[in-house]
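Visitor: This is the structure, below, for whatever I ask next.
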Ligand SMILES: Nc1ncnc2c1ncn2[C@@H]1O[C@H](COP(=O)(O)OP(=O)(O)OP(=O)(O)O)[C@@H](O)[C@H]1O
Ligand SMILES: Nc1nc2c(ncn2[C@@H]2O[C@H](COP(=O)(O)O)[C@@H](O)[C@H]2O)c(=O)[nH]1
């Protein structure tokens, strides 16, 4: 009997570098499949529907929830985000690894529904560096940055709930560590 296919969750505070690390990893290994979440957040400049996210309005998101189409979902800093269930199930049924990049509330839901999943926490080298990265990205208003930093304090305190912690000092190094955890490299 083959080993059960693995679902990996990558979580960590807003601005720590999750998307940057995953993008670097997929540049080296395009075969790594990342779930595309649905969100009610407005696209940032350069973001395309169906690529970074499926951008939906509140009614569409309500329908996804009501129809049981989301594996998990959460409200984060004023917007809702959720993982479409069907694509994840299809990949796992084919025996292919699955990567989710989601917040702490979503990670906790996955732990409940799929205890075999591995939960990876991406931590910043320091609090000041996290603030620098989130602010320096320049994509959020000061009000939203403050909401995200308030959430970050809760997320950092939850680090012991995760199976593994990776510290994002070097994008290249942490991408290699994540690949190893995915069983790709
Ligand atoms: N190791 C690193 N060293 C320096 N800067 C980094 C590093 N990793 C990421 N960054 C920078 O930090 C900023 C935030 O990164 P990114 O958008 O990937 O974070 P995130 O965790 O995906 O955030 P969110 O949860 O808000 O989507 C970006 O400007 C990115 O270039
Ligand atoms: N619970 C979920 N969280 C998600 C999902 N997709 C993304 N996220 C997380 O939301 C925040 C904010 O993302 P941003 O793109 O607006 O910066 C971040 O922590 C993401 O990881 C999801 O499907 N479910």
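Backbone N, Cα and C atoms are what each Cβ position is placed from, and that goes for glycine too.
As the structure is a computational prediction, the values presented were derived from the model and not from experiment.
Grabbed the feature section from TrEMBL, which reads as follows:
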DOMAIN    5-183  domain 'Guanylate kinase-like'
BINDING   12, 13, 14, 15, 16, 17, 18, 19  ATP binding site
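Give me the structural setting of these features: burial, nearby parts and distances.
Guide: For the domain 'Guanylate kinase-like' (5-183), the model's average pLDDT works out to 97.
Residue 12 (ATP binding site) is surrounded by 28 other CB atoms, counting those within 10 A of its CB over all protein chains shown.
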Visitor: In the structure shown, which of the binding-site residues 14, 19 has the fewest Cβ neighbours within 10 Å?
Guide: 19
Visitor: Check the DSSP secondary structure of residue 19 (ATP binding site), expressed as helix, strand or coil.
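Guide: Going by the DSSP assignment, residue 19 (ATP binding site) falls within a helical segment, counted as helix.
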Visitor: Under a threshold of 6 Å between Cβ and any atom of ligand 2, which of the binding-site residues 12, 14, 15 are retained?
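Guide: List returned for ligand 2: 14.
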Visitor: Cβ within 8 Å of the ATP site centroid (12, 13, 14, 15, 16, 17, 18, 19 excluded): which residues?
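Guide: Once 12, 13, 14, 15, 16, 17, 18, 19 are set aside, the remaining close residues are 122, 124, 130, 133, 134, 168.
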